[in-house]
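K.L.:
Copied straight from TrEMBL:
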- 35-58: transmembrane segment (TRANSMEM)
- 36-478: domain 'Major facilitator superfamily (MFS) profile' (DOMAIN)
- 78-99: transmembrane segment (TRANSMEM)
- 106-124: transmembrane segment (TRANSMEM)
- 130-149: transmembrane segment (TRANSMEM)
- 170-188: transmembrane segment (TRANSMEM)
- 200-220: transmembrane segment (TRANSMEM)
- 293-317: transmembrane segment (TRANSMEM)
- 329-352: transmembrane segment (TRANSMEM)
- 359-380: transmembrane segment (TRANSMEM)
- 392-413: transmembrane segment (TRANSMEM)
- 425-447: transmembrane segment (TRANSMEM)
- 453-474: transmembrane segment (TRANSMEM)
- 524-550: region 'Disordered' (REGION)
- 531-550: compositional bias 'Polar residues' (COMPBIAS)
Amino acid sequence: MAKMAKIAKVRTGHKDNEHGVPTYWSKSGKTLQRYITALATTDFLLFGYDQGVMAGIISSPAFVHDFPEVDGDSTWQGFVTSIYAVGCFLGACFILSFGDRLGRRYSIFLGAAVMVIGVIIQIASVPPNAGATAQFIIGRLITGIGNGINTSTVPTYQAECSESHNRGKVICIEGGNVAVGTLIAYWIDYGCTYGPHPFVWRFPIAFQIVFCVVILVLMLRLPESPRWLLSHGREEEANTVLAALADKQREHDVVQTQITVINDAMKASGQIGGHTSFKDLLTNGKSQHFRRLLLGAGSQMMQQLSGCNAVIYYFPILFQTSLGTTENLALLLGGVNMVVYAIFAMTSWYAVERIGRRQLFFIGTIGQCLSMVLVFACLIPDTPSAAKGAGVGLFTYIAFFGATWLPLPWLYPAEINPLKTRAKANAVSTVSNWLWNFFIVMITPVLVDSISWGTYLFFAALNAIFFPILYFFYPETAGRTLEEIDIIFAKGNDEKISYVTAAKLLPKLTEQEIRDQALKYGCNSSDDESGSTGEKNEASNVDNTNTLMA
């Protein structure tokens, strides 16, 4: 036992304090969880910064001079901006294939390191020539790969290290900081327009490294996810991490009960040795792997098709093209719009647990739909006075989006998917995000050029379609442990009721009640793969009883 503890200490880099409680960065309990939140926040600040940084430089005279291909060409503008999303897609695919093997810590560290390489390639371009443009595009692609790795991993890591009562809040803080990152990018872009020619685009691109360094340093001594450790048979290390997160000694009843509950959930779902095949993502039965995968990936798809990046990436261009403002005024208004974005994003931190996921989804969808209706209606007359109303619509859109749809699709897949498929399913959700992100960012300049106000009618219609999908298929998960969410789907499957109804009917459970309910519904991987029969259910219940007795 002493030898195993020593090995665990070397692997995880923890130290015990004077009370025998394990610490990381000399912290435990809520302070350690704040460190993990700081890591996640910094990563999503970087994500938001990267989303917004091209908006202020893509049409600037300095950037157009150095990369003339984008000058007045909406297709090239879309390509240079959206190639980043292609990189993010490739990074998410990498995690889909190798994330379970690497673990959360190594994946996040790798993602930040790859982003640094991509940034260096971009700022090392020596324009104007075609080779410099190609180098910039390749660097932006590589930066996207790093971001795709991190955005596929960080929400899962955060969810697996958080307590159920504040999991939504901390992941919304993480997701909400996308808006703050975008705000920082817009204002740095605006300030750099007054600098010397090479400074206008090089400094905003280079500033990403600041966030990357913070992530790399923090990740050196933060713990691995306890659930990932348990799924790979590293119980001693998981015990240490759970004790540190709970601010308890390893032998404390709270820590041992958590380990038992997580192990029971893994055995019930067939999670053995940490290996999850792609086939497992397509099973249903009591665990409903495929349905839960679709719910998470669907939320990411709807986020992108709502029109958010048409506004975030191209706000200055939209104002110049659709409203006829000057470049300087468009950049200034873009910065103000990002202030609104960031302020409203922060409201989700307080609302997500009080109001719940479903209600926030509904509020955001209705608000975004009506905002897009206002934009296209005010653009139809094609007069300067009416166009001001369209500007108001873009501002109200970003306010509703920031408060609701910005953080929720990062939170929902991380908690809706079971432990067995969580890493891969969350990566699939992120793949969905970046595929649709690329699609929207690529077509938006072309749509605005081709159909003008019809672009906003298109997004209004899509938001209207999303409401019934959310109402009938998305169960509430607020305040639930990750293991309780498993029971919601087992209950819905067993009792042949909708999963939305199952979530409403299931009361909040204690840890002992979770174990009892898991026994009652007899979740088992064999059910997932080949359907369920009474005989299998009975065998499953016997297995679970033996597990609990042991």
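Glycine residues also receive a Cβ, built from the backbone N, Cα and C atoms like all the rest.
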K.L.:
Could you tell me whether the transmembrane segment (78-99) and the transmembrane segment (392-413) are in contact, taking contact to mean 3+ Cβ pairs under 8 Å with a sequence separation of 6 or more?
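P.N.:
Touching, no - the transmembrane segment (392-413) and the transmembrane segment (78-99) miss the threshold of 3 or more Cβ pairs under 8 Å.
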K.L.:
Within the same chain, where does the transmembrane segment (200-220) have neighbours whose Cβ lies under 8 angstroms from its own Cβ atoms, ignoring anything closer than 6 residues to its ends? I mean 6 or more beyond.
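P.N.:
Counting only partners 6 or more residues beyond its ends, the transmembrane segment (200-220) has Cβ contacts under 8 Å with 13, 25, 35, 38-39, 42-43, 45-46, 49-50, 53, 56-57, 60, 62-63, 66, 105, 108-109, 112-113, 115-116, 119, 122-123, 143, 150, 181, 185, 188-189, 192-193.
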K.L.:
Which stretch from 35-58, 106-124, 293-317 shares the most C-beta pairs under 8 Å with the transmembrane segment (359-380)?
P.N.:
293-317
K.L.:
Under 8 Å between C-beta atoms and at least six residues away from its ends: which parts of the chain pack against the transmembrane segment (130-149)?
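P.N.:
Cβ under 8 Å, 6 or more out: 46-47, 50, 66-67, 69, 79-80, 83-95, 107-108, 110-124, 208, 430, 434.
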K.L.:
May I ask which of the stretches 35-58, 106-124, 329-352, 425-447, 453-474 has the most CB pairs under 8 A with the transmembrane segment (293-317)?
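P.N.:
Maximum Cβ contact count belongs to 425-447.
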K.L.:
Give the mean pLDDT for the domain 'Major facilitator superfamily (MFS) profile' (36-478) on the 0 to 100 scale.
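P.N.:
The predicted confidence over the domain 'Major facilitator superfamily (MFS) profile' (36-478), as a mean pLDDT, is 87.
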